[in-house]
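> The following block contains the structure, expressed as structure tokens.
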Amino acid sequence: MAFEELLSQVGGLGRFQMLHLVFILPSLMLLIPHILLENFAAAIPGHRCWVHMLDNNTGSGNETGILSEDALLRISIPLDSNLRPEKCRRFVHPQWQLLHLNGTIHSTSEADTEPCVDGWVYDQSYFPSTIVTKWDLVCDYQSLKSVVQFLLLTGMLVGGIIGGHVSDRFGRRFILRWCLLQLAITDTCAAFAPTFPVYCVLRFLAGFSSMIIISNNSLPITEWIRPNSKALVVILSSGALSIGQIILGGLAYVFRDWQTLHVVASVPFFVFFLLSRWLVESARWLIITNKLDEGLKALRKVARTNGIKNAEETLNIEVVRSTMQEELDAAQTKTTVCDLFRNPSMRKRICILVFLRFANTIPFYGTMVNLQHVGSNIFLLQVLYGAVALIVRCLALLTLNHMGRRISQILFMFLVGLSILANTFVPKEMQTLRVALACLGIGCSAATFSSVAVHFIELIPTVLRARASGIDLTASRIGAALAPLLMTLTVFFTTLPWIIYGIFPIIGGLIVFLLPETKNLPLPDTIKDVENQKKNLKEKA
């Protein structure tokens, strides 16, 4: 915790931190559209089989010259159970007799129809083009749409696992810059992917980069911030993610073509990559990894930016070494992921934090995936989701500062669980109430993410924070992958998935009681700091 002494000499919340936030917040805002891009880029428009009599571009398809388009559609495409044109089958031969029959009479058998062997015709009133229309991901191939989302999620999972290790090895700044460039290139190339498999590979790489950007954007700035302002920074960062969802709704509404949307979302990250050269590496990480000269330069640069004039005289290698000697000695022992579980206090903390992340991610993604059933158009729904999450995340800042870390998490997790469980008993006819409860659940789930993130940073020591962050984010990605799979349980009981979504956060809220309160406490740098923190809390109790 000695780094807090050095931070107080260079300024824990000044011009440098503000400039850092000016870079980080916009990059987080524009990152979310990349993660949720398939909500629009892979939208499935209305479609039907291509029919010679209707869709022959030569103009000779309608040989009668007197039949309307509706009449030609009637004799060419069978009706489904809702008396709407089938999306995946057509008549082998025109059924002229249907022109003289009541619309509710079906005089043809399954043998009279065939799949869409000549392709499909898509409704372009909402989206002129999506990856679904480009590669015909409908009917028997509709499941391929979920392959893209699965691979993106898998990329984020792999990024969560690897990101912490490479960041501890090569530094937060270098890995962040690499991933900013990788995301810009891969998602720009995805807009021009020649085949569906190539598109999938590029989206996997985009997911890999996205997760590391989220992690490495948050860690350095929180390490440069004084303890009593860390909650504010985390809330601002998570609030930027919510604003990103609102931005996505607006971008998708303006740029309906999926390729244009990809390019528009990707170009800003080339700019972020160029601007990131002025980012300063975490001095805490530099010192802990025995790069004292570089750490001293970083501290002096921060002091100059913050207007601390006597920093050159007061800050030198001897001061840094003597202040951080205990942490330097502890850091000489190479840390691994196993170190998170060797110490009883660390083992308890990491296991609880991982479960909390997992328990909140399942209802968050479970609710988000099924928001389409609310009935609103997807553009408005995306904006509404982001707006509600942003408002409740701002509320989380007040609860974190006034009620503490533990009580905030308990409050929000209980509200998530109770709102989801209550919604299972609300009739579908009561749409307003269902939407209100769904928004409450999503908003509180977003606030829980912010609360857990603040508590996580204050519970895990610097030497292990990036690796622990990788494990934490891995648990989040696993929860996200499981959330939609739980919907298959509806074959046993229609409300069973929702009951599971509601129970997990309630259990998580109860487990939070096992963690210590860390409000206004300095960040631990080593495992020994964690032990000392534990002793101090016991003495106060």
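A Cβ is built for glycine as well, from the same backbone N, Cα and C atoms used for every other residue.
OK, Swiss-Prot features for this one:
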{"type": "TOPO_DOM", "residues": "1-15", "note": "topological domain 'Cytoplasmic'"}
{"type": "TRANSMEM", "residues": "16-36", "note": "transmembrane segment"}
{"type": "TOPO_DOM", "residues": "37-145", "note": "topological domain 'Extracellular'"}
{"type": "CARBOHYD", "residues": "Asn56", "note": "N-linked glycosylation site"}
{"type": "CARBOHYD", "residues": "Asn102", "note": "N-linked glycosylation site"}
{"type": "TRANSMEM", "residues": "146-166", "note": "transmembrane segment"}
{"type": "TOPO_DOM", "residues": "167-193", "note": "topological domain 'Cytoplasmic'"}
{"type": "TRANSMEM", "residues": "194-214", "note": "transmembrane segment"}
{"type": "TOPO_DOM", "residues": "215-230", "note": "topological domain 'Extracellular'"}
{"type": "TRANSMEM", "residues": "231-251", "note": "transmembrane segment"}
{"type": "TOPO_DOM", "residues": "252-259", "note": "topological domain 'Cytoplasmic'"}
{"type": "TRANSMEM", "residues": "260-280", "note": "transmembrane segment"}
{"type": "TOPO_DOM", "residues": "281-349", "note": "topological domain 'Extracellular'"}
{"type": "TRANSMEM", "residues": "350-370", "note": "transmembrane segment"}
{"type": "TOPO_DOM", "residues": "371-377", "note": "topological domain 'Cytoplasmic'"}
{"type": "TRANSMEM", "residues": "378-398", "note": "transmembrane segment"}
{"type": "TOPO_DOM", "residues": "399-406", "note": "topological domain 'Extracellular'"}
{"type": "TRANSMEM", "residues": "407-427", "note": "transmembrane segment"}
{"type": "TOPO_DOM", "residues": "428-436", "note": "topological domain 'Cytoplasmic'"}
{"type": "TRANSMEM", "residues": "437-457", "note": "transmembrane segment"}
{"type": "TOPO_DOM", "residues": "458-472", "note": "topological domain 'Extracellular'"}
{"type": "TRANSMEM", "residues": "473-493", "note": "transmembrane segment"}
{"type": "TRANSMEM", "residues": "496-516", "note": "transmembrane segment"}
{"type": "TOPO_DOM", "residues": "517-541", "note": "topological domain 'Extracellular'"}
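Help me picture where these features are in the structure shown.
Broken down with DSSP, the topological domain 'Cytoplasmic' (1-15) shows 9 helix, 0 strand, 6 coil.
Counting only same-chain residues 6+ beyond the ends of the transmembrane segment (16-36), those with a CB under 8 A from a CB of the stretch are 152, 156, 180, 183, 187, 206-207, 210, 213-214, 217-218, 220-221, 224-225, 233, 236-237, 240-241, 243-245, 247-248, 251, 265-266, 268-269, 272, 275-276, 279-280, 301-302, 305-306, 382.
Per-residue confidence over the topological domain 'Extracellular' (37-145) averages 74 (mean pLDDT, predicted model).
DSSP classifies Asn56 (N-linked glycosylation site) as coil under the three-state reduction. Proximity of Asn56 (N-linked glycosylation site) to non-local residues of its own chain (separation of 6 or more, Cβ distance below 8 Å) is seen for none.
Counting only same-chain residues 6+ beyond the ends of the topological domain 'Cytoplasmic' (167-193), those with a CB under 8 A from a CB of the stretch are 27, 31, 34, 37, 199, 202-203, 205-206, 208-210, 212-213, 215-217, 219-220, 258-260, 262-263, 265-267, 269-270, 272-273, 276-277, 279-282, 285-286, 335, 466-467.
Residues of the same chain lying 6 or more positions beyond the ends of the transmembrane segment (194-214) and with a Cβ under 8 Å from any Cβ of it are 27-28, 31, 34-35, 131, 135, 137, 144, 147-148, 151-160, 162-163, 166-167, 175-176, 179-180, 182-183, 186-187, 473, 477.
Panel annotation: around the topological domain 'Extracellular' (215-230), residues 3-4, 7-8, 12-13, 16-17, 20-21, 24, 27-28, 160, 163-164, 167, 172-173, 175-176, 179, 237, 279-285, 302, 453-454, 457-458, 462, 465-466, 469-470, 473, 520-523 of the same chain, lying at least six beyond its termini, place a Cβ under 8 Å from a Cβ of the stretch.
Same-chain residues lying 6+ beyond the ends of the transmembrane segment (231-251) with a Cβ under 8 Å from its Cβ atoms: 17, 21, 24-26, 28-33, 36-37, 39-40, 217-218, 221-222, 225, 261, 264-265, 379-383, 385-387, 389-390, 393-394, 396-397, 400-401, 446, 449-450, 453-454, 457.
DSSP labels the residues of the topological domain 'Cytoplasmic' (252-259) in these numbers: 5 helix, 0 strand, 3 coil.
Counting residues 6+ beyond its ends, the transmembrane segment (350-370) has Cβ neighbours under 8 Å at 340-341, 385, 409, 413, 416-417, 420, 438, 441-442, 445-446, 448-449, 452, 455-456, 459-460, 468, 471-473, 475-480, 482-484, 486-487, 497-498, 500-502, 504-505, 507-508, 511-512, 514-515 in the same chain.
Within the chain, the transmembrane segment (378-398) has long-range Cβ neighbours (under 8 A, six or more residues past its boundaries) at 36, 39-40, 43, 231-232, 235, 238-239, 241-250, 252-253, 368, 371-372, 408, 412, 439, 442-444, 446-447, 450-451.
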> What are the DSSP helix/strand/coil residue counts across the topological domain 'Cytoplasmic' (428-436)?
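Per DSSP, the residues of the topological domain 'Cytoplasmic' (428-436) fall into 6 helix, 0 strand, 3 coil.
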> Can at least 3 Cβ pairs under 8 A be found between the transmembrane segment (496-516) and the transmembrane segment (146-166), with each pair 6 or more apart in sequence?
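The answer is no, given that the two segments have fewer than 3 Cβ pairs within the 8 Å cut-off.
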> Counting CB pairs under 8 Å, which listed stretch among 146-166, 260-280, 407-427, 473-493 touches the transmembrane segment (437-457) the most?
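Answer, by Cβ pair count: 407-427.
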> Checking distant contacts: for the topological domain 'Extracellular' (399-406), what same-chain residues at least six beyond its ends satisfy Cβ-Cβ under 8 A?
231, 235, 412, 447, 450-451, 454-455, 458, 512-513, 515, 517-519
> Which numbers of helix, strand and coil residues does DSSP report for the topological domain 'Extracellular' (399-406)?
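Counts, helix then strand then coil: 7 helix, 0 strand, 1 coil.
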> Just to be sure I understand, if DSSP states are collapsed into helix, strand and coil, how many residues of the topological domain 'Extracellular' (458-472) fall in each?
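Tallying H, G and I as helix, E and B as strand, the rest coil: 13 helix, 0 strand, 2 coil.
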> State the non-local partners of the topological domain 'Extracellular' (458-472) in its own chain: residues 6+ outside its ends, Cβ under 8 Å from one of its Cβ atoms.
3, 160-165, 167-168, 172, 215, 219, 223, 227, 230, 284-285, 288, 327, 330-331, 335-337, 339-340, 346, 349-350, 353-354, 357, 405, 515-516, 518, 521, 523-527, 529-530
